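Student: I have a structure here, written as structure tokens, and I will follow up with some questions on it.
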Amino acid sequence: MTTATASAVDSAAKTLPRGRPDRPATGVGRPGFAWAAPAAVFFGLFALVPLVLVLVLSFTRWNGLGSPQFAGLDNWRGLLDDPVLVKSLWLSLLLTVLGVVVQTPLSILLGVWAAGRQRNRAVLSAVYFVPLLLSITAVSVLWRAVLDPNFGVPSQAEWLFGDGNLFGTQTGALGVLVLVSTWQFTPLHTLIYQGAARSIPEVLYQAAQIDGAGRVRQFFHITLPQLRNTIVTSGILMVVGGLTTFDTILILTQGGPGTDTTNSAYYMYQKAFKSFDFGAASAIALLLVLVATLVSLVMVRLTGYDRMRSTMEGV
Amino acid sequence: MRKRPNYLAGFGSLIWLFVVGLPLYVMLVATFQTRAEYARNGPLAFPDHFTLDNYVNDLNDGFGQYFLNTVVVTVCVVGIVLLLVPPLAYAIVRSDGKATGRVFRLFLLGLAIPSQAVIVPMFYLINEAGLYDNLLGVILPTAAFAMPVCALILTGVMRDITPELYEAMTVDGASPRRIFLRLVLPLSKSGLSTIVVFSSLQAWNGFLFPLVLTQSSENKVITMGLYDFQTEHGVDIPGLLAAVVLSMLPILLVYLFARRALVQGLMGVGGK
């Protein structure tokens with residue numbers, strides 16, 4: 001699972017530039033760099049070196065055997081002319097936008113509701129949580145079985161599903177992908193909103209009640225504005241998760257029908273481990289990181305999130 | 001504050017319960033009936049005769065081995081994380097050198113790297129290191145990618161230890177090692193259990209690294225077993241769903257006994 005860039009940056013801001021008022025006159029008793037070194041070396045070797053290597057490999061031709069050959073800009077040029085790549089980028093964005101649009105309102109409503117301290121809500125929240133425990137693999141396999149055209153639920157409800165083969169059309173297949181990721185990840189975002197909603201000061205609601213504001217007005221004038229930062233954090237998580245959707249597609253649609261659900265992450269996998277064109281795959285991977293970073297940065301800028309640290313609540 | 005019950009929201013939450021519950025219900029009832037019965041009665045019917053054959057068959061079909069491999073991977077990943085992350089977090093919170101600050105920034109950068117972005121170079125590196133189709137080749141990258149979030153969670157917890165406690169021990173002439181063992185670790189217990197839960201969840205559910213870095217059946221983990229089962233005999237839905245249940249059983253048990261740590265672990269995913 002990839003994670004919260006924005007909140008990470010926020011936490012970093014809390015940790016690092018504090019001025020360290022507790023610094024003693026001498027450095028006695030403080031851990032040195034040696035304490036961080038093993039983790040840094042390990043992490044560098046298995047996460048940062050590959051990240052640099054992916055840039056290098058994107059300029060090479062490599063089929064997985066032998067050693068990579070320098071190929072200049074060939075991979076990049078090839079990608080510009082590749083209609084499947086362009087389509088896959090659009091599909092990545094489409095899946096991401098659909099995911100955000102469906103999951104955000106749902107998880108805000110569920111999260112705010114679950115933030116109440118009644119007992120039944122705690123019990124229901126515990127049940128809602130279960131999809132998060134399943135691996136993406138297990139979730140995809142489960143839904144594939146549930147939606148199986150011959151033995152699954154669609155065969156029982158023809159009035160709703162028609163001939164029942166949801167995987168046969170682009171609309172159906174995309175719908176399934178959005179449904180499955182909503183099913184699995186809404187609980188996570190509900191949890192995030194639940195934490196944030198709990199930390200909204202109760203006095204705000206008391207004041208609103210004295211002014212005679214109803215429940216709906218309270219929601220739109222207090223709850224939503226107070227959740228603003230959380231919406232950005234959760235949104236960025238959804239965007240990065242959405243752009244990198246992979247396991248679900250591999251198991252549910254294999255990118256089909258045709259290339260109708262081949263998003264960039266899946267296309268990258270195909271290029272590398274089906275066509276053994278590792279150079280082109282590296283270029284796609286890099287493109288994916290760039291797009292994800294760019295979208296996150298734009299979101300942070302547009303929403304003014306980076307200027308709003310002081311009102312950061314809860315999550 | 002007085003509150004009227006909110007019927008609309010209550011109703012909505014029940015609908016969501018249905019959405020969450022239906023697939024889980026289908027999964028459970030399917031696993032307790034034979035293939036023929038499932039095909040005849042459909043996915044929503046309750047089984048006439050309970051049978052555990054699906055589970056037994058799966059276990060005989062290699063899932064026992066996959067299960068064991070997953071346990072090995074998970075234990076090793078948690079071990080590496082527990083060995084490396086607490087000293088790192090301690091250094092980040094307490095060291096006054098600039099270098100540790102930079103290291104922390106690199107780990108934060110790591111939060112944003114999706115594992116797909118590095119899978120090709122990882123394949124290259126693991127091959128070069130001679131670790132292809134070896135559980136160690138899965139363990140190392142999985143541990144590395146679990147580290148940023150764990151570091152973030154643990155620095156959050158260690159930052160909350162009051163400076164006076166550190167000062168008191170320093171004045172007594174305690175070495176950093178002694179402070180770490182006697183003060184920091186005992187006071188970070190909640191954070192430690194959170195990172196254990198989080199990293200084991202990640203290792204247990206990992207898919208991409210095993211998919212790309214292992215091949216032979218003696219090195220398969222349980223998510224790979226599920227994936228293969230689905231591609232090879234996907235029509236045996238009760239058998240397949242029994243495998244899904246097997247794959248989540250340990251986590252479900254942890255959930256029942258350590259719900260709080262698990263919830264905190266996942267809230268950590270969203271950034272504390």
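Even glycines carry a Cβ here, placed using N, Cα and C.
Owing to the predicted nature of the structure, the values given are computational and were not obtained by experimental measurement.
Straight from TrEMBL, here's the annotation block:
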type     : residues  : note
REGION   : A:1-24    : region 'Disordered'
COMPBIAS : A:1-15    : compositional bias 'Low complexity'
TRANSMEM : A:33-59   : transmembrane segment
TRANSMEM : A:89-114  : transmembrane segment
DOMAIN   : A:89-299  : domain 'ABC transmembrane type-1'
TRANSMEM : A:126-146 : transmembrane segment
TRANSMEM : A:166-185 : transmembrane segment
TRANSMEM : A:231-252 : transmembrane segment
TRANSMEM : A:278-300 : transmembrane segment
Student: Cβ pairs under 8 Å with the transmembrane segment (A:33-59): which stretch of A:89-114, A:126-146, A:166-185, A:231-252, A:278-300 has the most?
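Tutor: Most Cβ pairs under 8 Å with the transmembrane segment (A:33-59) come from A:278-300.
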Student: Where among A:126-146, A:166-185, A:231-252, A:278-300 do we find the most Cβ pairs under 8 Å to the transmembrane segment (A:89-114)?
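Tutor: Between the candidates A:126-146, A:166-185, A:231-252, A:278-300, the best contact partner of the transmembrane segment (A:89-114) is A:231-252.
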Student: Do any residues, 6 or more residues outside the transmembrane segment (A:126-146), come within under 8 Å Cβ-to-Cβ of it, and if so which ones?
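Tutor: Counting only partners 6 or more residues beyond its ends, the transmembrane segment (A:126-146) has Cβ contacts under 8 Å with 110, 114, 152-153, 176, 179-180, 183-188, 190-191, 247-248, 250-252.
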